[in-house]
Amino acid sequence: MKAMPWNWTCLLSHLLVVGMGSSTLLPRQPPQLSQKPSFVTFRGEPAEGFNHLVVDERTGHIYLGAVNRIYKLSSDLKVLVTHQTGPDEDNPKCYPPRIVQTCNEPLASTNNVNKMLLIDYKENRLIACGSLYQGICKLLRLEDLFKLGEPFHKKEHYLSGVNESGSVFGVIVSYSNFDDKLFIATAVDGKPEYFPTISSRKLTKNSEADGMFAYVFHDEFVASMIKIPSDTFTVIPDFDIYYVYGFSSGNFVYFLTLQPEMVSPPGSTTKEQVYTSKLVRLCKEDTAFNSYVEVPIGCERNGVEYRLLQAAYLSKAGAVLGRTLGVRPDDDLLFTVFSKGQKRKMKSLDESALCIFILKQINDRIKDRLQSCYRGEGTLDLAWLKVKDIPCSSALLTIDDNFCGLDMNAPLGVSEMVRGIPVFTEDRDRMTSVIAYVYKNHSLAFVGTKSGKLKKIRVDGPKGNALQYETVQVVDSGPVLRDMAFSKDHEQLYIMSERQLTRVPVESCGQYRSCGECLGSGDPHCGWCVLHNTCTRKERCERSREPRRFASEMKQCVRLTVHPNNISVSQYNVLLVLETYNVPELSAGVNCTFEDLSEMDGLVIGNQIQCYSPAAKEVPRIITENGDHHVVQLQLKSKETGMTFASTSFVFYNCSVHNSCLSCVESPYRCHWCKYRHVCTHDPNTCSFQEGRVKLPEDCPQLLRVDKILVPVEVIKPITLKAKNLPQPQSGQRGYECILNIQGIEQRVPALRFNSSSVQCQNTSYSYEGMEINNLPVELTVVWNGHFNIDNPAQNKVYLYKCGAMRESCGLCLKADPDFECGWCQSPGQCTLRQHCPAHESRWLELSGANSKCTNPRITEIIPVTGPREGGTKVTIRGENLGLEFRDIASHVKVAGVECSPLVDGYIPAEQIVCEMGEAKPSQHAGFVEICVAVCRPEFMARSSQLYYFMTLTLADLKPNRGPMSGGTQVTITGTNLNAGSNVVVMFGSQPCLFHRRSPSYIICNTTSSEEVLDMKVTVQVDRARIRQDLVFQYVEDPTIVRIEPEWSIVSGNTPIAVWGTHLDLIQNPQIRAKHGGKEHINICEVLNATEMTCQAPALALGPDHQSDLTERPEEFGFILDNVQSLLILNKTNFTYYPNPVFEAFSPSGILELKPGTPIILKGKNLIPPVAGGNVKLNYTVLVGEKPCTVTVSDVQLLCESPNLIGRHKVMARVGGMEYSPGMVYIAPDSPLSLPAIVSIAVAGGLLIIFIVAVLIAYKRKSRESDLTLKRLQMQMDNLESRVALECKEAFAELQTDIHELTSDLDGAGIPFLDYRTYTMRVLFPGIEDHPVLRDLEVPGYRQERVEKGLKLFAQLINNKVFLLSFIRTLESQRSFSMRDRGNVASLIMTVLQSKLEYATDVLKQLLADLIDKNLESKNHPKLLLRRTESVAEKMLTNWFTFLLYKFLKECAGEPLFSLFCAIKQQMEKGPIDAITGEARYSLSEDKLIRQQIEYKTLVLSCVSPDNVNSPEVPVKILNCDTITQVKEKILDAIFKNVPCSHRPKAADMDLEWRQGSGARMILQDEDITTKIENDWKRLNTVAHYQVPDGSVVALVSKQVTAYNAVNNSTVSRTSASKYENMIRYTGSPDSLRSRTPMITPDLESGVKLWHLVKNHEHGDQKEGDRGSKMVSEIYLTRLLATKGTLQKFVDDLFETIFSTAHRGSALPLAIKYMFDFLDEQADKHGIHDPHVRHTWKSNCLPLRFWVNMIKNPQFVFDIHKNSITDACLSVVAQTFMDSCSTSEHRLGKDSPSNKLLYAKDIPSYKNWVERYYSDIGKMPAISDQDMNAYLAEQSRMHMNEFNTMSALSEIFSYVGKYSEEILGPLDHDDQCGKQKLAYKLEQVITLMSLDS
């Protein structure tokens, strides 16, 4: 159904409402209103998104701007009125919109996005601006949203066609007696000609007035607006200014913006667009926008830059924050939210910061900038508005705080960023909005976040830090939008997301349950209402003004102490006294409660309250089995409020739970031990005897610590124990016993108490099971009277032991602990005690006995059994009786007949010997191991049963044979006998390969890192044997990761990720990693080839308390590629984890019943990740039973086409690393069709056949129309083809004829070389005409003598090498010493040292050597050396060549350079050149090529010379399409052919006079009253416009202003003088350092645009006929080839001259050879032998540093004028020159830039010239220092007096003044400087130069 136009919809709605008698418009279905626990939420229509929000400060009503609707809501978010604004038929390309005039573009139903919503309080109306119809606005009555007006018929009514809600901001400025103003700032979406980016408009009282939204001021020249120039879009095609916030304060209006940087910041290597945030300021009363100033803003914390503005809000400082910041409480503060970095992406970084700016400080910074600019310092610095820097103009005037600018020095930019004060940062949940206010002197900020949370922040928190005191989840999904608003009473906050509007209280005091929590929360709204025991605002607490009723500080909280604070559970009704603090007056009474145990009245006496402990009947509930005490809360309850208002802990303790004396008396409570009753009690009077009471631990009966108690098994022995305070059993009590718990069996032994300090367990034998334990610790307990334990605090144990257990050999027996007294009984051959060995039958050996050596040593094992013949193998020998000391075996070991030296470290007495093999003889092959213990007698000798073999090891191969430089490759080396020996070392060259494992046929090792790409020889060392084979391992450059896709996964991981990079095939076990929450998660990857691999995203392990709907970003994300560290963390990716899909169960029963063929629907959420950019899907697999089904996915459901099954089957969904079963599905079988169903099917089939026949008839008719259309298109294609052929034919003909003509034209032209001084000044100080070094130093007379004396002394210091080097190094180390300063100092030093070039060269060499050292130390690539001009040394090098190559330029290289310049100029002028765009028919630059067929003729005019009327007429070739200015310039070139440019008259100063017959004369001009204007386009006058015929006579006459053209001239001069100074050619001799595009900018005020040959590319309003004449624009690229061919000879000639060692009779300048030799010496010194590096150094040093500068800027050498098209062509030649010097290979394709493709075939031959040139120079004999010094002295002498040395020294000294302390520091501390007293001398200079002296 076609959508109904919105105006008809409104009309019908209105009629319905009137019919129902209602007075308000209501939506058809009331939007949902939902109530959260404490939040009220409003949700609109499902298809609507909310855009803007504003609250009426007078009524509290809310106005909500949404897509297609405006709502008026009550303060509790109930809908009062709605007003529909869309959708409607529109097309963004319709300008003016279709409601004004018919639009040819196709129309479609278009939503109306609300872009601006403002309340005009003065006129009681709402201004609502949308995106429809190029951004028109409605004015609605606040009461009922009745439309008061909707102006749309003028272009001022179209604000902007941008379809984004956050792109427009408006500020209303109110006046009491005049109409208000509306300042509007908007993005323009690439249409700067239609919409100003910032403007001020009229707000008329009458909403339907004609002047509504008209510019406040608008005349022919000036208007209250600023447009973005079209030139800005040529630099950055998608440039726009995004306005984030706006406000008015004082006399100014401010806007905060986000806009692309015109110039990338230093160090930026990426092509990604960099953005900057700026504050824009305008005077409220400024109608011409001369007060426009913009300042960059940002903030930084802990080294992190936050530069992307997200939101802002203006508030006051408040008293507390004001004191911290040093401002008044009512001063304006700007609260801002920035995100990290400067790159604005769809996926902005989550790191963000809340920063504050003091508005007064920003204004002070602007005032400083205005003052400096009006002193003539710096440039206007507004790159987007003034593409070329315009210098500030000086003017004597006073600039105060309210200065509003003049028509000079405006608009103005501030280059230095104003840094805000960062008060809070958030790393994970990006902040997106901010609002702030002051509450009771505290400054509070409320911040919305990306995940829908609200952060409440106290900016003036404790210790000067911001305090985030609460976080609230407000929005269900999505971020909080920028617009937030307070309710009328500031007690509620309205928070908006795209789908909901929520009301949130500014405070939630009620959530805090205690005074400490309440006052410790940091929320200044909250205090403690004491007797109500609640946290609330003060005004909500009853009688809060009375003393101590309301606590607002922690120290005011109620505190209690109770005496006593504990009692025994056996005590009842004890009087307790409570001391109270901070308690209010309690006249109504108070109760004491012990939790729920008991409650009684309290007696209030002053600040004391008396209560009684619970009665006897209530105490049993307190006694517990756990522990000896129970804590209850003793609470005070107010009888006035019935609320508990204070409490303290009270302890009931129970002594009777203790069953030992020590635990009893060491209890913290009043417990006593009754020694004779063996009980613990709180009442000592219950003990039987007075002497039996124990209170101190030292009085307890207890065993004392004894040494180890050793008891051999089966030996009868008593155990004596030391003790103290042992009680004497009383009558009727039993005696003492010892209890030993042996392997779980209790053994009781009678004990005898000798006295109170000794007890003995009687004689008994003990035993335990098993021979695998040689000693067993046993618990020992002493008891009396049957069960009264004696405390054993030392934990004494008895150790039972068996000598024979685990000591089967003599050696092991004698190794036993000597305290065991074990020995070896030889006859039975076992380990026993002496008494168990029969003395008459056997010998008993003990360790301490004489000759106690064990006989019969035995070897059981040797490891290894093979080894290399060279020795060094560590052999491990294991066995029995292998000696008891190392000396026993130290020299008695042989292996296979070879001495093996035992090692002390490996020796284990009696059990193991480790020895190192000596070298074997060739005749030795194998043998046994033989040892002697102490002496080599048979009974002390042993021989192994195993043989030890000597092996020869060989290597065969290694795989893989290449790996990354970082190492980590697992390499397998194959060979024979590789398991021999004990120690293996594998080396790849000098790099170890870490041994992993081996077998007889292979060794596996892991490579370590290498610092360079090299082939390494493989060496294996086994013990002392080195094995070599011709095996080579190749270290290759590390893999790189170029791109991964997608950059997201779900939390459960296993999402497939494609990875592209280089050298990926080197990696054996690639893995992907993500670190989150401190834990690393890894998954596998599979390499496909060298450039591709696939990975499975790692899963994240999130905790159970994690919110499942949150997006996660890992702290680290990267790849584990063997040992490549650089890819462990990928900095350039923002890998994101989205929530896992969540499925719902089919039903509570888990069974879904379906018919066959019915799709199965699985409902859930997060089924499609919310990835920016949209179209992404997860790979779902759904199984029904075992069969998969076809799946269709949407946001909230999976639709599964059920397979051909019947019956009950389980459904399983799998995605990523998770699977889920929503339940079972039951598919019932089909029933057979009934008769009615069959009839229905037959009827439907018949209807279908009829329909198909009708479609076929329609198709036949349509195809006939298509054939006719095809024929028409064929004819048009034929016409186009013929035009293309003609163009190609013309280009070929031009190529053949132009070369001859050009060569003949250039013959004999004089070369206007600049003199040496002018030439050097243009290179050293570009753009500065009258530099101080060209004139005498100007000093007031009274200071002249001292200054000259000081400068002479300073000159001596400059001529001191130690000082000069220290001076330069110190300056370069200063952060504020800019690149411009470095170049300036280098040039000034060279001018001072012009007369001492030998010394200058020596200093330069030293600085270059230092630069090379620094470059290599910082690990930069050597090729980067001298690439840029970032140091004094590099600029000095440029200047050095400038001085020394002047002669070579004049005698040799200047001629081909001038010829090339003239050739380009003449060739360009042979064809049309567009005076507006600078494009030409003939060009080398694609950017400056006219891509259209321009019809033109060549005319020859006869020109009368302006200097001599009687001289012969000069024939001049011109084109009939030339503008009058172009004709004048060609005539001047012809007349003054050999005259330098600076000596010619200017075309602007001359008029062109056409002299017709009969003395008639006519002045021709670019613009006059005959100029044609069509559809806002004004075409410049051409020769054809005036119909000047071939052969006409013209004359150049001096400029005259006549009545005829006065109006026109004044127009041009007024425009030029005000807004467009930067676009007029200035008359200074050096034309420009950059190319200038000739432009005459469209007249912004009148809307008229100028054109010459082609209309500007940005304008889309060319007629169809214009388009038809264009053809395919790329066809005209053949003209580039034609031009290139014409100029080829001149390019070749120049390149050949520069790259020849001897040419045109001139020898190679000595400077070149000398400097190249110096670079070679430095390369040798640092071991750099890579020829590419040396080649690059030389290229960076001379061709790219000097020659490219000369080629691009021939005006540095010649007195010429360079126009923009010539500049563009020279840039192409210079780029070719640079490419020729490069060593890298240029890979070109069809998408490569045309200038690269143009010379692609020539560059290889040019590269050969360069290489030959460098090679020839290298072969030339070296220049001695004497010869070079003589040459330099001669150069110094020739140009000695070119510069004023005193002036140059004075300029250098200005840097001493700026950095005096920093320069003096190193001079004081350096020994060499100290010896020469350089610091003292410099201080003398400073004294002499100071103004005070």
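Heads up, the Cβ atoms here are built off N, Cα and C, so glycines get one too.
In Swiss-Prot, the feature N-linked glycosylation site is attached to one residue out of Asn7, Asn654, Asn1089, namely Asn654. Note on Asn763, Asn1006, Asn1608: Swiss-Prot annotates N-linked glycosylation site at Asn1006; no matching annotation appears for the rest, which is not proof of its absence. What Swiss-Prot records as N-linked glycosylation site, among Asn591, Asn1179, is residue Asn1179.
Swiss-Prot marks one residue of Asn163, Asn755, Asn1131 with the annotation N-linked glycosylation site, and that residue is Asn1131.
Between Cys557 and the candidates Cys515, Cys518, Cys592, Swiss-Prot annotates a single disulfide bond, the one to Cys515. Within the set Cys526, Cys529, Swiss-Prot assigns Cys526 as the partner of Cys509, by disulphide bond.
When the domain 'IPT/TIG 1' (857-951) is classified with DSSP, helix, strand and coil residues number 6 helix, 55 strand, 34 coil. Taking a C-beta cut-off of under 8 Å and a sequence gap of six or more, Cys283 (disulfide bond) has these contacts in its own chain: Asn251, Phe252, Val253, Ser291, Asn402, Cys404, Gly405. The disulfide-bonded residues in question are Cys103, Cys392, Cys535, and the one with the fewest Cβ neighbours inside 10 Å is Cys103. For Cys392 (disulfide bond) paired with Cys299 (disulfide bond), the C-alpha to C-alpha distance reads 28 Å. Between the alpha carbons (Cα) of Cys611 (disulfide bond) and Cys515 (disulfide bond) lies a span of roughly 24 Å. Under the DSSP three-state reduction, Cys529 (disulfide bond) is assigned to strand. In the domain 'IPT/TIG 4' (1141-1229), the DSSP tally of helix, strand and coil residues is 0 helix, 47 strand, 42 coil. Looking only at the recorded positions Cys299, Cys355, Cys373, Lys1349, the one with its C-alpha closest to Cys518 (disulfide bond) is Cys355. Between Cys592 (disulfide bond) and Cys526 (disulfide bond), the C-alpha separation comes to 28 Å. For Cys529 (disulfide bond), the number of other Cβ atoms no farther than 10 Å from its own Cβ, over all displayed protein chains, is 25. Considering other CB atoms within 10 Å as the measure, the emptiest surroundings among the disulfide-bonded residues Cys404, Cys515, Cys592 are those of Cys404. Using DSSP to sort the residues of the domain 'IPT/TIG 3' (1039-1138) gives these counts of helix, strand and coil: 6 helix, 49 strand, 45 coil.
Checking each of the disulfide-bonded residues Cys137, Cys355, Cys373 against Cys557 (disulfide bond) by C-alpha distance, the shortest gap belongs to Cys355. Here Cys541 (disulfide bond) comes close to Gly527, Cys529, His532, Thr534, Arg549, Phe550: these same-chain residues lie at least six apart in sequence, with C-beta atoms under 8 angstroms from its C-beta.
Within 10 Å of the Cβ of Cys355 (disulfide bond) there are 26 other Cβ atoms, across all protein chains. With the fewest other C-beta atoms within 10 Å around its C-beta, Cys509 stands out among the disulfide-bonded residues Cys299, Cys509, Cys526. Cα to Cα, Cys526 (disulfide bond) and Cys535 (disulfide bond) are separated by 6 Å.
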